[in-house]
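Quick one: the structure is below, questions incoming.
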Amino acid sequence: MEFQSGEKADHAKFLKAHNHMWNHIFSSINSMSLKCAVELGIPDAIHNYGKPMPLSQLIASLPIHPSKASFIHRLMRILIHSGIFVTENVVINKNNEVEIGYILADSSMFLLKNNPFSVTPLMLINVGPTVTKAWHHLSDWFKNDDLTAFETAHGMTFWEYTDSVPKYGQSFNDGMASDSRFVSSLLLDDKCKRVFEGLESLVDVGGGTGTLAKAIAESFPNLKCSVFDLPCVVAGLQGTDNLKYIAGDMLVDPIPPSHAIFLKWILHNWNDEECVKILKKCKEAIMQKSKGGKVIIIDMVVEDDDKKGCYDQSLETQLFFDMLMMMLFSGKERNKREWSNLIVSAGFTDYTVTPIFGLRSIIEIYP
């Protein structure tokens, strides 16, 4: 066999290419196996056991039919291979018989129900049938003039769907709140606090139920914080001495004036034209432009693919998000050049990028 380049494939290269395609085709099994484990309560069962959990004890703790007991070790095996769980040999009786015991890997701590940073709500949304149905319509979307593949699949936008299915919308809000707690734990440590120092007021645009704004307000008692989001999101929410909720639509209504405007994971939902519109409205809302007024953005800055085909998990994850934004919202993740173009087009004069959140960065832009 010859490759497209005309190079004749040797046996090893031929098999490697074939294996690569098989791995790509079946890679969704990792996500679906993880979904199954979470729905069965496996991470919490292992965590609550408090020490390496023997397979027999794990099986006994799960809400499964007895006929399925023999399959659990196979589910665990694929999740061990993908780094979700770790094994240790466990002595299970006085005869020194040994059985496999399971413990949580570092990453699986983010699957626990009581972890305030749990990714489980967003994981269940993204591998659940509503989103996967939209992926099945991606090629159809390329052939029609719908805004998103989600709209092709469901006949409505993602936001219309979350409004029409309250339980789904609540799961999404729970996921966003969990992510805000994760971000606030990093944003408000000593390395990042300088972002808010010297500010007198801040508006969190699209801030949901205010999880992040509350944390900022508590850390900076003299900073007047506001959450600006849709009426259906902020209705009935109670503020504090230095936190209030304001109902409005950032695409239609003026953004409340403030010393700083905060946008966490907002702009990747929108195309370039809408982002420029949003940023211009933010610029208009900035008070005290000569005294440190700014827009604070938390979003991804996609790494430059300069490794010439070498596998990079961080870049791959950013590209996964980029495809997800395209499919759900017709949005995108942007590299540094694309961010610069947006910022300049919106009339700002300067910006800084601080890559401190792993996949995401703090982008501070100045009028």
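Think of each number as a place in line: the chain as shown, counted from 1.
Placed from the backbone N, Cα and C atoms, the Cβ positions cover glycine too.
Note: TrEMBL annotation is automatic and uncurated.
The following feature annotations were taken from TrEMBL:
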- His268: active site, proton acceptor (ACT_SITE)
- 22-113: domain 'O-methyltransferase dimerisation' (DOMAIN)
- 135-348: domain 'O-methyltransferase C-terminal' (DOMAIN)
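Would you situate these features in the structure and describe their surroundings?
According to its DSSP assignment, His268 (active site, proton acceptor) is helical. Around His268 (active site, proton acceptor), taking its Cβ as the centre, 20 other Cβ atoms fall within 10 Å, counting all chains.
Across the domain 'O-methyltransferase dimerisation' (22-113), the model assigns an average pLDDT of 95.
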